[in-house]
């Protein structure tokens, strides 16, 4: 390894003590991937909550993202492509974020002491974001893998079958809180870091952050309840397999 690389690796500076720009670039990439995922989270929540309007509305939304405007019956593979893209962005964001995680017990103790002494709200928020991000990486990966491999199962009957009969309700309740807290805290910290709303005070941004958290968690819980209710109805109506659930969704299709 070159001497310059060793110096830069230890101190983040070149041999001439010129600050390396790689860390700023990595920081920008972390912010960019986080913003994309946060915006996707917001859009995704509004889309899945369409079941609160009606089963048919949720079916139409699902088909819209299968390209039903251009392909009469829609193409589930389009959803798989989107899921694959989100997985790649999620993995990239996770690896970029890991740079700032305590990597051993000593670093964790330093952070914990700092957090205790400072008693600063944003430091506590970062800790919550780190915990939810760690949980979300595993929980969201499972959900995205299902969307990648079974895109045709997305629909009012298929999704609710997965919720109840396949017991995904347990995963989704933890994923709901992890995603909504992580996303809202992330957007708040991005707004401060990049100075997006200079006319809004930090106190104002915090209020917006908590309003977002409450709104999306309440919307998510209502949506969660709707899928549970629909999944129980599936059982009462004799739907015993995912294929039967998919066929039940197909009844909403209009030639």
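Placement of Cβ uses the backbone N, Cα and C atoms for every residue, glycine included.
What you see is a predicted model, and the numbers here were worked out from it, not measured in a lab.
Quick look at what Swiss-Prot annotates:
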TRANSMEM  33-53  transmembrane segment
BINDING   44, 143  heme b bD binding site
TRANSMEM  78-98  transmembrane segment
BINDING   93, 182  heme b bP binding site
TRANSMEM  126-146  transmembrane segment
TRANSMEM  168-188  transmembrane segment
TRANSMEM  208-228  transmembrane segment
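Ranked by Cβ pairs under 8 Å to the transmembrane segment (33-53), the stretches 78-98, 126-146, 168-188, 208-228 are led by 208-228. Its own atom aside, the Cβ of residue 143 (heme b bD binding site) has 18 Cβ atoms within 10 angstroms in the protein chains shown.
Note on the transmembrane segment (168-188): residues 34-35, 37-38, 41-42, 45, 125-126, 128-129, 132-133, 135-136, 139-140, 142-143, 146, 162, 205-206, 208-210, 212-213, 216-217, 220-221, 224, 227-228, 231 of its chain, located 6 or more positions outside it, place their CB under 8 angstroms from a CB of the stretch. Neighbour density around each Cβ, counted as other Cβ atoms within 10 Å, peaks among the binding-site residues 44, 93 at 93. Spacing of residue 182 (heme b bP binding site) relative to residue 44 (heme b bD binding site) is 15 Å (Cα to Cα, whole number).
Secondary structure from DSSP puts residue 182 (heme b bP binding site) in a helix.
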